[in-house]
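Let me begin by presenting the structure, written as structure tokens, before commenting on it.
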Amino acid sequence: MLLSASALLWLPLALAIMAGFARYHRVSWGLLIITLLSALGSGYLTFVGAGIVGIGFALAYLAANSQSHWRTTAWIALLLWCLALFLHWLPGFSNLKVLDKVIASAHSTPFSLYLNLDKPLVFFALLLAFPTLLGQSKTANIKATLLSLVPLFALLPIAVWLGALAFEWSLPEWWWIFALNNLLFTCVAEEALFRGLIQQKAQQQFGAIAGLLIASALFGMAHFAGGPLLMIFAALAGLGYGLVFHFTGRLWVSVGVHFLFNFAHLLFFTYPMLAR
């Protein structure tokens, strides 16, 4: 494990995300500013990167407040900005490697982990652009939510049957950094984009089923680097997360389920894949 004092930079970022979910928006933005200034001072963010952050947040503001023509343009540009951050294509960001080719269990493939500075920014930009990102007040359908978890978590043993994974218990010493990073930085950003934004927007235009399918398909496509099988499984998992979001109306629940799925994968199966 490659943790150093530099990792403390991600503490105010984590707190900013939690404050955002608690709807303490001023606190959230204050903590985010502290994070960005600290990153700028310590070299994890360059002035070019800071400019890119500013452009993204300006696009988010325009997407929320412009007239129809400019609003569409701003939304397209904002989505491209989010995609580029997800894929780490934009310059000016230095993500901290905390795990380097570690082995979760005896038959797992090597795994590296970064604390990302770029990808979590998607959550804040989308929260600025789309005020209902966190969901809307509704009575949660608990029974339907619990039933939707069955096919979702069945994907893991199905992956074993297909030979992509194997049953293998492990609790590596670095489980806690995996858990914090996966919950607060990975799952939050992914659920914000695919469920909070895309599913809700598509649902408004085309209905609930279409919104669910569109968001899930795009979530699968976003995992193109892992090959066709991973794309299919990611799309099916996205369908599960989308159902949870649909039945509860709360983004934090889909984030939690997404994390539990990933953590169950780490604990009970080879992670990320079965070594050949």
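Backbone N, Cα and C define each Cβ position, glycine as well.
All TrEMBL annotations are machine predictions without curation.
According to TrEMBL:
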- 32-62: transmembrane segment (TRANSMEM)
- 74-91: transmembrane segment (TRANSMEM)
- 111-134: transmembrane segment (TRANSMEM)
- 146-167: transmembrane segment (TRANSMEM)
- 173-194: transmembrane segment (TRANSMEM)
- 173-263: domain 'CAAX prenyl protease 2/Lysostaphin resistance protein A-like' (DOMAIN)
- 206-224: transmembrane segment (TRANSMEM)
- 255-274: transmembrane segment (TRANSMEM)
Tertiary contacts of the transmembrane segment (74-91) (same chain, 6+ residues out, Cβ under 8 Å): 46, 48-49, 52, 55-56, 59-60, 62-63, 66, 116, 118-119, 121-122, 125-126, 129, 189, 193, 222
Tally of residues which DSSP labels helix, strand or coil - the domain 'CAAX prenyl protease 2/Lysostaphin resistance protein A-like' (173-263): 83 helix, 1 strand, 7 coil
Other parts of the chain folded back onto the transmembrane segment (32-62), taken as Cβ under 8 Å at six or more residues beyond its ends: 6, 9-10, 12-13, 16, 70-71, 74, 77-78, 81-82, 85, 90-96, 117-118, 121, 124-126, 128-129
Intrachain residues whose Cβ lies under 8 Å of the transmembrane segment (111-134), provided they are six or more past its termini: 7, 9-10, 13, 16-17, 20-21, 23, 25, 28-29, 32, 39, 44-45, 49, 53, 56-57, 59-61, 63-64, 75, 78, 81-82, 85-86, 88, 90, 93-104, 174, 177-178, 181, 184-186, 188-189, 192-193, 196-197, 200-201, 250-252, 271-272
